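Chemist: So TrEMBL says this about it:
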| type | residues | note |
| --- | --- | --- |
| SIGNAL | 1-24 | signal peptide |
| DOMAIN | 100-135 | domain 'EF-hand' |
| DOMAIN | 136-171 | domain 'EF-hand' |
| DOMAIN | 184-219 | domain 'EF-hand' |
Amino acid sequence: MGIQGMELCAMAVVVLLFIAVLKQFGILEPMSMEDSSDSELELSTVRHQPEGLDQLQAQTKFTKKELQSLYRGFKNECPTGLVDEDTFKLIYSQFFPQGDATTYAHFLFNAFDADGNGAIRFEDFVVGLSILLRGTVHEKLKWAFNLYDINKDGYITKEEMLAIMKSIYDMMGRHTYPILRDDAPLEHVERFFQKMDRNKDGVVTIDEFLETCQKDENIMSSMQLFENVI
(Lines of atoms letter the chains of each structure in order from A and count residues from 1; the text may use other names and numbers.)
(Lines give C-alpha, C1' and ligand atoms only; values in the text may rest on other atoms or scores of the structure.)
Protein backbone atom coordinates (compact mmCIF):
# COMPACT_ATOMS: atom_id res chain seq x y z
CA MET A 1 0.00 0.00 0.00
CA GLY A 2 1.67 3.22 -1.15
CA ILE A 3 1.09 6.88 -0.41
CA GLN A 4 -2.29 6.93 -2.13
CA GLY A 5 -3.34 3.88 -0.13
CA MET A 6 -2.28 5.51 3.12
CA GLU A 7 -4.26 8.60 2.15
CA LEU A 8 -7.43 6.55 1.75
CA CYS A 9 -6.63 4.76 4.98
CA ALA A 10 -6.30 8.03 6.86
CA MET A 11 -9.43 9.58 5.42
CA ALA A 12 -11.89 6.72 5.64
CA VAL A 13 -10.78 3.12 5.64
CA VAL A 14 -9.34 3.28 9.15
CA VAL A 15 -12.86 3.81 10.43
CA LEU A 16 -13.73 0.41 8.96
CA LEU A 17 -11.09 -0.98 11.33
CA PHE A 18 -13.09 0.59 14.13
CA ILE A 19 -16.23 -1.13 12.83
CA ALA A 20 -14.34 -4.41 12.60
CA VAL A 21 -13.17 -4.03 16.21
CA LEU A 22 -16.75 -3.44 17.34
CA LYS A 23 -17.95 -6.56 15.53
CA GLN A 24 -15.04 -8.62 16.85
CA PHE A 25 -15.98 -7.76 20.43
CA GLY A 26 -19.72 -8.14 19.94
CA ILE A 27 -20.69 -4.48 20.17
CA LEU A 28 -22.16 -4.59 16.67
CA GLU A 29 -24.14 -7.79 16.86
CA PRO A 30 -26.45 -9.06 14.11
CA MET A 31 -30.04 -7.88 14.33
CA SER A 32 -32.48 -10.48 15.58
CA MET A 33 -36.21 -10.80 15.03
CA GLU A 34 -36.42 -11.71 18.71
CA ASP A 35 -35.29 -8.25 19.84
CA SER A 36 -37.29 -6.92 22.76
CA SER A 37 -40.20 -4.70 21.81
CA ASP A 38 -39.67 -2.60 24.93
CA SER A 39 -39.44 1.07 24.05
CA GLU A 40 -36.78 1.89 26.66
CA LEU A 41 -33.24 0.68 27.25
CA GLU A 42 -32.51 -1.70 30.10
CA LEU A 43 -31.01 0.47 32.84
CA SER A 44 -31.02 -1.53 36.06
CA THR A 45 -27.48 -2.91 36.02
CA VAL A 46 -25.43 -0.02 34.67
CA ARG A 47 -23.79 2.92 36.40
CA HIS A 48 -24.41 5.43 33.62
CA GLN A 49 -28.00 5.62 32.45
CA PRO A 50 -28.26 6.54 28.76
CA GLU A 51 -30.93 8.73 27.31
CA GLY A 52 -34.23 7.13 26.31
CA LEU A 53 -34.72 5.44 22.98
CA ASP A 54 -36.98 8.15 21.61
CA GLN A 55 -34.38 10.83 22.22
CA LEU A 56 -31.53 8.75 20.80
CA GLN A 57 -33.61 7.85 17.76
CA ALA A 58 -34.20 11.56 17.16
CA GLN A 59 -30.46 12.28 17.45
CA THR A 60 -29.36 9.43 15.17
CA LYS A 61 -30.43 7.60 12.04
CA PHE A 62 -30.91 4.28 13.82
CA THR A 63 -34.25 2.58 14.45
CA LYS A 64 -35.33 1.60 17.94
CA LYS A 65 -34.51 -2.05 17.26
CA GLU A 66 -31.06 -1.12 16.00
CA LEU A 67 -30.45 1.00 19.10
CA GLN A 68 -31.55 -1.87 21.34
CA SER A 69 -29.17 -4.24 19.53
CA LEU A 70 -26.29 -1.78 19.77
CA TYR A 71 -26.98 -1.18 23.44
CA ARG A 72 -26.93 -4.90 24.30
CA GLY A 73 -23.52 -5.25 22.70
CA PHE A 74 -22.25 -2.07 24.34
CA LYS A 75 -23.50 -3.17 27.76
CA ASN A 76 -21.96 -6.64 27.39
CA GLU A 77 -18.52 -5.12 26.79
CA CYS A 78 -18.98 -2.11 29.08
CA PRO A 79 -21.21 -3.09 32.03
CA THR A 80 -20.77 0.32 33.70
CA GLY A 81 -22.22 2.07 30.66
CA LEU A 82 -18.97 3.98 30.13
CA VAL A 83 -15.78 3.27 28.16
CA ASP A 84 -12.58 4.84 29.44
CA GLU A 85 -9.49 5.38 27.31
CA ASP A 86 -7.54 2.48 28.81
CA THR A 87 -10.33 0.07 27.84
CA PHE A 88 -10.43 1.55 24.35
CA LYS A 89 -6.67 1.07 23.98
CA LEU A 90 -6.90 -2.49 25.29
CA ILE A 91 -9.49 -3.41 22.66
CA TYR A 92 -7.31 -2.04 19.88
CA SER A 93 -4.13 -3.67 21.22
CA GLN A 94 -5.88 -7.05 21.11
CA PHE A 95 -7.09 -6.46 17.56
CA PHE A 96 -3.68 -5.26 16.30
CA PRO A 97 -1.21 -7.36 18.34
CA GLN A 98 1.61 -6.96 15.80
CA GLY A 99 1.50 -3.17 15.84
CA ASP A 100 1.23 -0.33 18.33
CA ALA A 101 -2.34 0.95 18.28
CA THR A 102 -2.04 3.04 21.44
CA THR A 103 -1.75 6.45 19.83
CA TYR A 104 -4.38 5.88 17.16
CA ALA A 105 -6.78 4.55 19.81
CA HIS A 106 -6.13 7.72 21.82
CA PHE A 107 -7.01 9.97 18.87
CA LEU A 108 -10.11 7.95 17.98
CA PHE A 109 -11.23 7.90 21.61
CA ASN A 110 -11.03 11.69 21.76
CA ALA A 111 -13.08 11.97 18.56
CA PHE A 112 -15.89 9.93 20.17
CA ASP A 113 -15.59 11.57 23.60
CA ALA A 114 -17.75 14.50 22.53
CA ASP A 115 -17.79 16.36 25.85
CA GLY A 116 -14.14 15.63 26.68
CA ASN A 117 -14.88 14.10 30.09
CA GLY A 118 -12.59 11.11 29.61
CA ALA A 119 -15.30 8.54 29.01
CA ILE A 120 -17.40 7.45 26.04
CA ARG A 121 -21.07 7.11 26.93
CA PHE A 122 -23.50 5.05 24.89
CA GLU A 123 -24.93 8.32 23.57
CA ASP A 124 -21.48 9.44 22.35
CA PHE A 125 -20.98 6.05 20.74
CA VAL A 126 -24.23 5.88 18.79
CA VAL A 127 -24.20 9.53 17.69
CA GLY A 128 -20.69 9.11 16.26
CA LEU A 129 -21.53 5.75 14.75
CA SER A 130 -24.66 7.17 13.15
CA ILE A 131 -22.59 9.84 11.42
CA LEU A 132 -20.03 7.34 10.16
CA LEU A 133 -22.56 4.80 8.92
CA ARG A 134 -25.64 6.82 8.00
CA GLY A 135 -24.51 10.43 7.81
CA THR A 136 -24.19 12.57 4.70
CA VAL A 137 -20.79 12.96 3.07
CA HIS A 138 -20.61 16.43 4.62
CA GLU A 139 -21.28 15.03 8.11
CA LYS A 140 -18.70 12.26 7.70
CA LEU A 141 -16.06 14.69 6.54
CA LYS A 142 -16.78 17.04 9.45
CA TRP A 143 -16.29 14.07 11.79
CA ALA A 144 -12.99 13.25 10.06
CA PHE A 145 -11.89 16.89 10.41
CA ASN A 146 -12.58 16.66 14.14
CA LEU A 147 -10.36 13.55 14.32
CA TYR A 148 -7.46 15.42 12.69
CA ASP A 149 -8.02 18.60 14.73
CA ILE A 150 -6.30 17.18 17.77
CA ASN A 151 -6.36 20.29 19.95
CA LYS A 152 -9.90 21.24 18.81
CA ASP A 153 -9.00 24.81 17.84
CA GLY A 154 -10.85 24.64 14.50
CA TYR A 155 -7.73 24.16 12.37
CA ILE A 156 -5.59 21.24 11.23
CA THR A 157 -1.85 21.85 11.33
CA LYS A 158 0.75 19.83 9.47
CA GLU A 159 1.94 18.51 12.84
CA GLU A 160 -1.54 17.27 13.72
CA MET A 161 -1.98 15.56 10.36
CA LEU A 162 1.44 13.94 10.72
CA ALA A 163 0.60 12.72 14.22
CA ILE A 164 -2.53 10.97 12.91
CA MET A 165 -0.64 9.47 9.98
CA LYS A 166 2.17 8.20 12.19
CA SER A 167 -0.34 6.61 14.54
CA ILE A 168 -1.93 4.76 11.62
CA TYR A 169 1.49 3.70 10.36
CA ASP A 170 2.47 2.44 13.83
CA MET A 171 -0.79 0.48 14.04
CA MET A 172 -0.68 -1.22 10.65
CA GLY A 173 1.70 0.40 8.17
CA ARG A 174 4.70 -1.77 8.95
CA HIS A 175 2.70 -4.86 8.10
CA THR A 176 1.62 -3.72 4.66
CA TYR A 177 3.01 -5.09 1.43
CA PRO A 178 5.13 -3.71 0.01
CA ILE A 179 6.56 -2.39 3.28
CA LEU A 180 6.35 1.38 3.53
CA ARG A 181 9.48 3.43 4.05
CA ASP A 182 9.89 5.14 7.42
CA ASP A 183 9.45 8.53 5.77
CA ALA A 184 6.19 7.51 4.05
CA PRO A 185 3.86 9.25 6.57
CA LEU A 186 5.81 12.53 6.27
CA GLU A 187 5.87 12.31 2.48
CA HIS A 188 2.14 11.71 2.41
CA VAL A 189 1.41 14.61 4.75
CA GLU A 190 3.60 17.02 2.78
CA ARG A 191 1.76 16.21 -0.44
CA PHE A 192 -1.75 16.09 0.96
CA PHE A 193 -1.36 19.13 3.24
CA GLN A 194 -0.06 21.18 0.33
CA LYS A 195 -3.17 20.26 -1.62
CA MET A 196 -5.50 21.11 1.28
CA ASP A 197 -3.92 24.36 2.46
CA ARG A 198 -5.30 26.37 -0.42
CA ASN A 199 -4.34 29.83 0.84
CA LYS A 200 -0.92 28.65 2.06
CA ASP A 201 -1.30 30.05 5.57
CA GLY A 202 0.05 26.92 7.25
CA VAL A 203 -3.26 25.56 8.55
CA VAL A 204 -6.27 23.78 7.04
CA THR A 205 -9.71 25.14 7.84
CA ILE A 206 -12.91 23.12 7.79
CA ASP A 207 -13.89 24.78 4.50
CA GLU A 208 -10.55 23.91 2.88
CA PHE A 209 -10.82 20.35 4.19
CA LEU A 210 -14.35 19.87 2.87
CA GLU A 211 -13.60 21.43 -0.51
CA THR A 212 -10.47 19.34 -1.08
CA CYS A 213 -12.05 16.07 0.00
CA GLN A 214 -15.23 16.60 -2.01
CA LYS A 215 -13.15 17.10 -5.15
CA ASP A 216 -11.17 13.89 -4.56
CA GLU A 217 -12.87 10.93 -6.27
CA ASN A 218 -10.98 8.36 -4.17
CA ILE A 219 -12.07 9.92 -0.90
CA MET A 220 -15.66 10.27 -2.07
CA SER A 221 -15.82 6.63 -3.17
CA SER A 222 -14.33 5.51 0.13
CA MET A 223 -17.15 7.27 1.99
CA GLN A 224 -19.52 4.70 0.49
CA LEU A 225 -17.71 1.87 2.28
CA PHE A 226 -19.52 2.67 5.52
CA GLU A 227 -23.00 2.17 4.16
CA ASN A 228 -25.03 -0.92 5.09
CA VAL A 229 -22.50 -2.07 7.72
CA ILE A 230 -25.41 -2.76 10.06
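From the backbone N, Cα and C atoms, a Cβ is placed for every residue, glycine too.
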Chemist: Residue counts in helix (H, G, I), strand (E, B) and coil for the domain 'EF-hand' (100-135), per DSSP?
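Modeler: Computed counts for the domain 'EF-hand' (100-135) are 24 helix, 3 strand, 9 coil.
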Chemist: With helix taken as DSSP H, G or I, strand as E or B and everything else coil, how many residues of the domain 'EF-hand' (136-171) land in each class?
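Modeler: When I sort the residues of the domain 'EF-hand' (136-171) into the three classes, I find 26 helix, 2 strand, 8 coil.
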Chemist: How many helix, strand and coil residues does the domain 'EF-hand' (184-219) contain under DSSP?
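Modeler: Helix (H, G, I), strand (E, B), coil: 25 helix, 2 strand, 9 coil.
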Chemist: Please give the average pLDDT for the domain 'EF-hand' (184-219) in this predicted model.
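Modeler: Here the predicted model's pLDDT, averaged over the domain 'EF-hand' (184-219), is 89.
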